[in-house]
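Undergrad: Provided herewith is a single structure, encoded as structure tokens, for subsequent inquiry.
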Amino acid sequence: MEPSAREPLVRKTRSSYRTFTESAGKRLDKEYLRSLHNKRLYLAVFAAVLGNFNFGFALVYPSPVIPALEAHPSPALRLNQHMASWFGSVFTLGAAVGGLSAMLLNDRLGRKLSIMFSALPSAVGYALMAGAQGIGMLLLGRVLTGYAGGVTSASIPVYISEISHAGVRGMLGACPQLMAVLGSLVLYALGKYLGLVLDWRWLAVAGEVPVLTMIILLCFMPNSPRFLLSQGKDDEALRSLCWLRGKDTDYAREYEQIKDSVRKQSQRVSCAEIKDPFIYKPILIAVGMRFLQQLSGVTCVLVYLQSIFKKTSVILKPEYDAALVGLVRLFSVAIAAVSMDKAGRKILLFVSAGVMLVSNLTMGLYIHFVPASQNGTIANKTLVSSANLPAEPTNYITLIPLLATMFFIMGYAMGWGPITWLLMSEILPLKARGVASGLCVVVSWLTAFTLTRFFLWVVEVFGLEVPFLFFAVICTGNVLFTGCCVPETKGRSLEQIEAFFRTGRRSFMR
């Protein structure tokens with residue numbers, strides 16, 4: 001084709017992506033966003049993120065349960081250091097398998113049905129832990145609840161991103177992390193009041209409640225319009241968008257934009273297309289963020305939180321410290337949800353990584369330089385089997401590990417917690433979204449499994465300060481990765497973000 005013949009085609013292609021760059025288009029979009037009714041959208045998001053509430057609840061389940069099982073009178077249920085590390089880490093192994101299966105489920109069943117499917121292994125897992133007669137039942141229950149968490153981790157952010165509009169996608173994209181934090185906080189609170197030797201079983205019973213509520217509510221919620229269009233169900237996709245936006249809005253215009261984007265893509269990504277920068281660049285960014293997020297140490301801190309606090313003997317009791325950290329985490333995610341659509345994603349990622357860096361460095365240096373006689377630590381190389389260690393502090397300097405942990409969780413919850421999940425669902429191209437989101441979850445939870453599995457061993461061999469100093473180094477990498485690789489997606493439609501990666505033109509992102 002001659003250059004003169006190609007130019008009109010190029011201009012036509014570029015103009016098709018220029019949905020949000022013309023002044024008239026911007027005006028129409030602002031008017032459209034103001035006209036939307038979000039009540040049904042919020043209800044659909046709430047129904048979905050109950051899966052994240054369950055995920056947060058199940059993730060930190062070992063925190064109050066491990067001390068109780070270490071002192072259990074029955075040898076069949078009593079945990080030693082080796083089994084405690086498996087009990088804490090095997091959840092993440094199940095989550096990795098769940099993320100792997102979500103690569104298939106997301107594209108076969110759809111986002112909504114994948115979330116609903118996760119209720120089955122979750123319910124069975126809690127039942128096994130509630131009625132456990134041996135450690136094997138406990139571990140299997142942890143694997144099944146982890147598997148459910150892996151499926152929801154890959155499906156819920158994609159579902160929310162695809163049903164939301166640009167005006168509230170940042171706020172709603174933080175809701176999965178917000179509900180996961182709330183689930184963890186509820187677990188800590190229940191652990192405080194159900195913390196007797198046998199009452200840990202009731203924590204597993206309580207975990208069944210959000211699972212059942214989620215599956216009932218989701219029965220009445222629509223599927224993702226983008227997924228329905230990719231399956232050729234145009235009429236159902238239009239009805240879904242109408243339900244989410246309101247009948248008296250100009251939802252038909254948004255529907256045509258989504259349909260035009262879906263039409264440009266085949267249903268599934270092929271092996272040959274992986275070489276296309278439009279496909280592999282956003283996948284590498286999403287996978288890299290999930291990898292770095294877990295390497296920063298958040299899962300280790302959350303799973304072994306009470307043991308760490310018992311180890312450093314802060315002023316409050318470990319269970320109170322855990323609940324306090326949970327409140328800080330909840331507050332910080334709420335701040336991120338409110339500010340994400342105003343301040344932008346990248347600035348929050350920078351602040352988040354910086355706070356985590358300082359916090360981990362402070363924790364590591366404190367443990368290394370403060371003598372055991374001052375920090376109340378009896379044995380700096382044991383976290384498990386610490387039920388008999390004295391927890392009374394000898395000095396107010398023991399506030400340092402509590403404050404450092406609180407700031408670490410605050411920093412994580414303001415950026416690298418919610419935004420990595422949101423960006424994963426925003427930047428992945430539609431044709432690879434189901435598979436790539438599952439890949440991100442697999443990488444994330446395999447990394448988390450490795451860390452949680454060997455965390456106790458590293459502490460025993462090298463001391464508690466070594467993992468925290470390692471986490472500090474990783475947080476430095478988080479800052480560099482954000483500056484070099486992460487695009488700003490604030491206020492952009494999913495179609496506009498895809499256009500940026502497809503063409504490499506930053507004008508689509510402004």
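Yeah, the Cβs are placed from backbone N, Cα and C, and that goes for glycine too.
Reproduced below are the annotations present in TrEMBL:
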TRANSMEM  41-63  transmembrane segment
DOMAIN    44-490  domain 'Major facilitator superfamily (MFS) profile'
TRANSMEM  83-106  transmembrane segment
TRANSMEM  113-133  transmembrane segment
TRANSMEM  139-160  transmembrane segment
TRANSMEM  172-190  transmembrane segment
TRANSMEM  202-221  transmembrane segment
TRANSMEM  347-367  transmembrane segment
TRANSMEM  396-423  transmembrane segment
TRANSMEM  435-456  transmembrane segment
TRANSMEM  468-486  transmembrane segment
Undergrad: So which of 41-63, 172-190, 202-221, 468-486 has the most C-beta pairs under 8 Å when paired with the transmembrane segment (113-133)?
TA: 202-221
Undergrad: Under 8 angstroms, Cβ to Cβ: which one of 41-63, 139-160, 202-221 has the largest number of such pairs with the transmembrane segment (172-190)?
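TA: The stretch with the most contacts is 41-63.
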Undergrad: Could you please provide the mean pLDDT value for the domain 'Major facilitator superfamily (MFS) profile' (44-490)?
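TA: Per the prediction, mean pLDDT sits at 81 for the domain 'Major facilitator superfamily (MFS) profile' (44-490).
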